[in-house]
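Engineer: I have a structure here, written as structure tokens, and I will follow up with some questions on it.
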Amino acid sequence: MHSAQPRPASFSPRGPLRGTIKVPGDKSISHRSLMLSALAIGESRVAGLLEGEDVLSTAAAMRAMGATIERTGEGEWRIHGVGVGGLLQPQAALDMGNSGTSTRLLMGLVASHAITATFIGDASLSKRPMGRVIDPLSLIGAEFNASPGGRLPLMVRGICPAVPISYRLPVASAQVKSAVLLAGLNTPGITEVIEPVPTRDHSERMLAGFGADLTVETDGDGVRHIRLVGEAELKPQTIEVPGDPSSAAFPVVAALITPGSEVTVTHVGMNPTRTGIFKMLEAMGADLTYSNERIVGGEPVADITARHSNLTGIEVPPDVAPSMIDEFPVFFVAASVAQGRTVTSGLDELRVKESDRLALMAAGLTVIGAKVEEREDGLVIDGSGGEPLEGAATVASALDHRIAMSFAVAGQHCYHAVSVDDVSPIATSFPTFEAMMAGLAGA
Ligand code: S3P
């Protein structure tokens, strides 16, 4: 867990940014690789695991429920699973730190085991809504004792055997989808998730990769029906985790807005449910090229080269949102220095992330000199037309790694430094971020 002590930092324009880098492993895939390995019988190996605080919270929780999880080298981990149905009663509360993904997915796993677990987290996580997973998991028979508003700390009393359900997602959330599917692993019969708006599909891919009987059918209306046969037997796997496109977005946007820059990020996950950010940047005129395209561990991967570009404002179609849901903060930075107006909508989910990302980005960008209008479900930004922003202000990161990194990137193209009140949350997903950015600037 990162220290409770805030760590302020200041980001001045440095550059041009040049070089070739590799970002840490994908956070979503890292969580899932530990969870599924811990439920397989036998030894799995994971390479390229993100060793950020969020993923370490998942590792600690799976250990507390009986799995053996060891680090064998940099990003290399060995996991001995307990088998589906074999999770043990944790002896203490599971501390999820800042991690919503750990919390919601593990609530699903616990829900169909005959164990009771208490989930706790930091101030940010304790504000986030858990009702969205409590609702479907109550339908399978699990019981919950949550803090007011369906929040952490909360206790889950799992049930075995659970009742299989067919659940239509009321919110476009891969975490809710995954919680139901993971609960379905130890539930007799077929668990179905109906997904009207597609979200990241790493759970589906990885469950199938571990040998679960899972099918996905897309009906005539584009609605996905994901069916999982329960009481699954998972076979141990060797997994290579691709680089996180959500992390790659930071150096990519930094290169695009910093004159003279050319940065290549290698081994980036290009799963189409994740690459909305690159498509929208290209729609703004970004010079992005992809090379070395290949499949790694069932996921498409490529090297991405970003060169400084004159960006133009666009209207982002709301249906693109799920495929770039975590990238809006840094996308807003790009929009702030583009030519013309960028309009975003349909982004209510951004208000319940690690922070209220619409409010935080609107406030922070405004104090550093950008022209931003905050609406209920999005931001409207009138870009500076390539001019640096003023900077010379301190912004709040509110325990949100992506807010902190977005303002570090914004500092690249300001007249004066941008200060962030606390950059310690960056360690949840991208512990090497600051060193990597300094390296690209030749610092
Ligand atoms: C994630 C899903 C998304 C995303 C989060 C990771 C996942 O959350 O924002 O960072 O790994 O399933 P939602 O399901 O709440 O959209």
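Positions of Cβ are set from backbone N, Cα and C atoms, glycine also.
Note that TrEMBL annotation is computational and uncurated.
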Engineer: Report the candidate from Arg224, Arg227, Arg351, Arg357 that shares the phosphoenolpyruvate site with Lys27, Gly100, Arg128, Gln175, Arg402, as recorded in TrEMBL.
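Structural biologist: Only hit among Arg224, Arg227, Arg351, Arg357 in TrEMBL's phosphoenolpyruvate site, alongside Lys27, Gly100, Arg128, Gln175, Arg402: Arg357.
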Engineer: Among the recorded positions listed here (Ser173, Asp326, Lys353), which has the Cα closest to the Cα of Lys27 (phosphoenolpyruvate binding site)?
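Structural biologist: Closest candidate to Lys27 (phosphoenolpyruvate binding site), judged by Cα separation, is Asp326.
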Engineer: What are the sequence-distant neighbours of Arg128 (phosphoenolpyruvate binding site), meaning same chain, six or more residues apart, C-beta distance under 8 angstroms?
Structural biologist: Gly100, Arg151, Leu152, Val352, Lys353, Glu354
Engineer: Let's check the environment of Ser173 (3-phosphoshikimate binding site): how many other CB atoms sit within 10 Å of its CB?
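Structural biologist: Within a 10 Å radius of the Cβ of Ser173 (3-phosphoshikimate binding site) lie 22 other Cβ atoms.
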Engineer: Rounded to a whole angstrom, what is the C-alpha distance between Gln175 (phosphoenolpyruvate binding site) and Asp326 (active site, proton acceptor)?
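Structural biologist: Rounded to a whole number, the Cα-Cα distance is 13 Å.
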